[in-house]
Amino acid sequence: MAATPQSLFPSGDDLDSSQLQMEPDEVDTLKEGEDPADRMHPFLAIYHLQPLKLHPLVFAPGVPVIAQVVGTERYTSGSKVGTCTLYSVRLTHGDFTWTTKKKFRHFQELHRDLLRHKVFMSLLPLARFAVASSPAPEGDSREIPSLPRAGPEGSSRRTASKQKYLENYLNRLLTMSFYRNYHAMTEFLEVSQLSFIPDLGCKGLEGVIRKRSGGHRVPGLTCCGRDQVCYRWSKRWLVVKDSFLLYMCLETGAISFVQLFDPGFKVQVGKRSTEARYGVRVDTSHRSLILKCSSYRQARWWAQEITELAQGPGRDFIQLHRHDSYAPPRPGTLARWFVNGAGYFAAVADAILRAQEEIFITDWWLSPEIYLKRPAHSDDWRLDIMLKKKAEEGVHVSVLLFKEVELALAINSGYSKKALMLLHPNIKVMRHPDQVTLWAHHEKLLVVDQVVAFLGGLDLAYGRWDDLHYRLTDLGDSSESAAPQPPTSCSDLPATPDLTHNQLFWLGKDYSNLITKDWVQLDRPFDDFIDRETMPRMPWRDIGVVVHGSPARDLARHFIQRWNFTKTTKTKYKIPIYPYLLPKSTSTANQLPFTLSGGQCATVQVLRSVDRWSAGTLENSILNAYLHTIRESQHFLYIENQFFISCSDGRTVLNKVGDEIVDRILKAHKQGQCFRVYVLLPLLPGFEGDISTGGGNSIQAILHFTYRTLCRGEYSILHRLKAAMGTEWRNYISVCGLRTHGELGGHPVSELIYIHSKMLIADDRTVIIGSANINDRSLLGKRDSELAVLIEDTEMEPSLMNGVEYQAGRFALSLRKHCFSVILGAAARPHLDLRDPVCDAFFQLWQDTAESNANIYEQIFRCLPSNATRSLRALREYVVVEPLATVSPPLARSELNQVQGHLVHFPLKFLEDEYLLPSLGSKEGVMPLEVWT
């Protein structure tokens with residue numbers, strides 16, 4: 001006779017434990033004495049989440065789960081007569097400990113679910129073989145102690161006895177994988193696949209919750225209607241960690257949203273703030289998330305737990321820090337500087353090889369086919385191929401690219417995205433923004449496993465690789481370096497030449513001179529676009545830095561914020577193939593799987609410029625750090641920057657970096673203090689244009705605002721200094737550029753060294769390195785997005801400052817001395833002492849070197865820009881005269897032997913008689929002035 005449904009599915013009201021007895025092969029053997037941390041789930045599990053009801057592996061194999069009923073709460077329900085008891089259950093799994101609160105009826109519901117599970121499994125012929133298990137230890141009883149029946153609450157002795165019964169009941173079940181891994185048990189214990197990943201931090205609050213749609217603080221995502229009209233409620237699995245919360249789709253296991261805690265964090269309970277009975281409202285700068293609980297008591301409990309997590313381990317991110325940065329100063333950080341792209345790219349390549357979990361990249365421009373180590377003799381060091389190999393190993397690569405206005409920029413981010421996305425499913429690329437046409441994502445960042453982060457001025461793009469030689473030519477052996485045609489299908493990697501005997505440093509599009517000609521046909525990466533037989537390349541000077549540990553976590557968090565923001569705001573990225581990213585906890589930040597050699601210990605703080613359009617929040621901590629560092633400097637400032645547009649007039653230019661420099665010099669002059677300011681800028685802006693005819697509208701527009709900052713007009717630095725001290729300003733500030741020379745086509749050639757650095761050194765103790773130029777675009781926060789780090793030395797070494805013994809920081813001093821050594825040609829001047837940047841002798845040597853080199857280059861090449869050309873008429877007359885390098889190459893070579901290093905004075909009088917802003921009739925003239933500033 002067939003069994004009735006009643007006999008198959010007992011009610012479970014009496015919690016008869018005999019119905020849950022296990023056969024010997026169903027009892028899980030626990031391995032005591034092992035290190036639990038070694039058996040916890042790897043971080044990559046976040047990319048392979050499954051629906052909860054598919055019984056995914058939640059607990060670490062072999063690591064026991066121990067339950068302890070630590071207390072009870074008795075309360076009177078508002079809708080019932082009598083009291084209810086809430087049991088606090090503390091659970092431990094390895095290093096993870098968490099508490100859940102349950103009523104007795106929850107135990108009854110669990111018992112019924114487990115009974116149904118056992119009955120169903122007993123009806124499946126192969127069910128016994130589907131459970132991975134082993135025999136129980138000898139003498140281990142397989143009977144589960146019976147639970148007391150439900151009844152009225154009695155004495156404290158009876159309550160304590162009931163606690164012990166519940167505790168034994170749970171612990172007995174938790175030794176059996178058959179029940180422990182069942183979804184009803186994991187829901188009861190409030191655990192998921194994200195609970196026991198050490199890099200995600202402590203085990204926080206979890207459970208099934210109802211959440212309300214909407215609440216985003218992003219234009220276009222905010223509903224202006226009322227709850228019942230515009231919103232919908234959905235059941236989700238909520239996970240709260242120390243610095244964020246997320247919810248997952250119950251049906252698929254996919255992460256549906258991630259809310260990072262930030263200074264806008266606030267938790268509220270009640271219908272007034274949530275418009276929902278038993279509601280909890282979690283506010284951040286990006287969203288007001290409304291959750292609905294089953295009771296007011298649960299709402300208070302959840303609000304308390306979320307708040308305690310955020311104010312405890314996650315407190316770093318719910319408050320602003322020095323300079324109003326989202327990240328605090330991180331002492332004891334390993335940091336290493338890089339001057340020029342050769343060392344930076346090589347270190348990036350080494351870090352990519354060490355990646356085990358994730359690689360994050362964001363650039364203004366990314367060229368997939370660049371080589372990170374040169375000269376290349378194979379494709380092993382080609383960026384796209386390296387990323388493809390790591391993706392094949394299981395590493396997840398996430399790339400954020402600036403989506404340019406194609407009519408204005410020729411960086412072809414669409415090609416870069418396609419080229420990378422076709423390599424492997426583990427490589428995901430997103431572009432942003434769509435609607436913003438004036439501003440850019442200008443930051444440059446690469447993060448490996450959220451423990452090592454590179455940033456600075458260097459995009460992983462054409463033209464950026466260079467070394468201290470600043471070569472103007474790269475001819476090699478043309479027979480060995482002929483580039484093939486690009487592929488006919490973009491599904492193939494671009495073919496490369498046979499590199500076995502390659503001698504070239506810059507292949508194809510990498511050989512460039514951005515003022516002579518901007519890049520074209522980027523989908524043909526190995527075709528030259530300028531004639532390297534007749535045109536010298538333009539050397540590229542840049543500064544980068546790598547940091548380890550907590551600052552790398554902070555930088556990864558910034559990337560994750562931008563990635564998740566882009567996924568949320570752009571409809572095309574809401575599909576599951578673009579995953580939400582999760583930040584690792586700072587609690588494991590010092591567990592470094594690898595470090596790069598050459599690092600020095602310092603205090604590092606991450607700074608940024610972001611706005612609502614770029615990251616969903618506003619911050620301009622880079623500007624604040626610049627102003628503070630200049631204001632507090634005691635001896636000198638050394639600035640290398642691609643742009644220098646400052647000195648606020650309250651209308652056109654708003655940042656006050658130049659104003660702070662003026663104030664600091666005036667303070668030194670008033671106090672009779674020796675104070676120096678060194679400023680290095682590119683001799684010309686990096687836009688395509690013929691400087692012999694004035695350079696074009698873009699070049700002239702940037703020159704206008706640069707000269708307005710330096711020396712022209714009432715707001716300029718030199719105008720204000722001259723008004724206060726006359727010619728003595730020359731004792732305080734020097735403005736220079738860099739130039740070099742070489743041989744091409746049988747005669748000498750010269751070219752400026754394009755300074756793309758974004759660096760400030762103060763007093764040989766403080767350094768700012770990043771992607772931010774000195775202009776409003778980079779510094780105000782409301783325009784371009786930028787990243788930087790403020791590095792403060794904690795390890796000192798003896799040096800000199802104005803002839804007096806001085807304790808200089810190892811990081812800042814080594815960086816500054818390296819820069820000065822290359823700039824001044826110290827390799828050919830063995831007696832040059834670079835320790836003291838302030839004394840009169842060194843400052844005079846600096847000025848004399850710049851003047852001598854500038855005079856020689858002007859005599860030999862009649863190079864531009866020049867102080868001799870103060871008007872367009874003078875410029876036309878100047879360029880028609882044949883330079884000595886053409887007329888008499890041997891004599892020119894002889895004179896060039898007198899050049900020392902690369903330093904030349906910046907020509908402050910170039911085209912000073914001309915109005916350099918574009919005319920209104922030009923396309924540049926109709927653009928807002930903010931584009932140039």
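Even glycines carry a Cβ here, placed using N, Cα and C.
Given the ranges 1-20, 61-80, 281-300, 321-340, the record in Swiss-Prot names 1-20 as region 'Disordered'.
Through the fold, the domain 'PLD phosphodiesterase 2' (751-778) approaches residues 337, 364, 439-440, 442-444, 455-458, 464, 470, 472, 513-514, 536-545, 607, 609, 622, 625-626, 629-630, 632-646, 653-655, 657, 680-684, 686, 705, 737-741, 784, 786-793, 799, 801, 806, 808-809, 811-813, 815-816, 837, 863, 902, 930-931, 933 of its own chain, all at least 6 residues removed from its boundaries and within a Cβ separation under 8 Å. Looking only at the domain 'PH' (203-311), the predicted model's pLDDT averages out at 87. Secondary structure of the domain 'PLD phosphodiesterase 2' (751-778) per DSSP, as helix, strand and coil residue counts: 3 helix, 15 strand, 10 coil.
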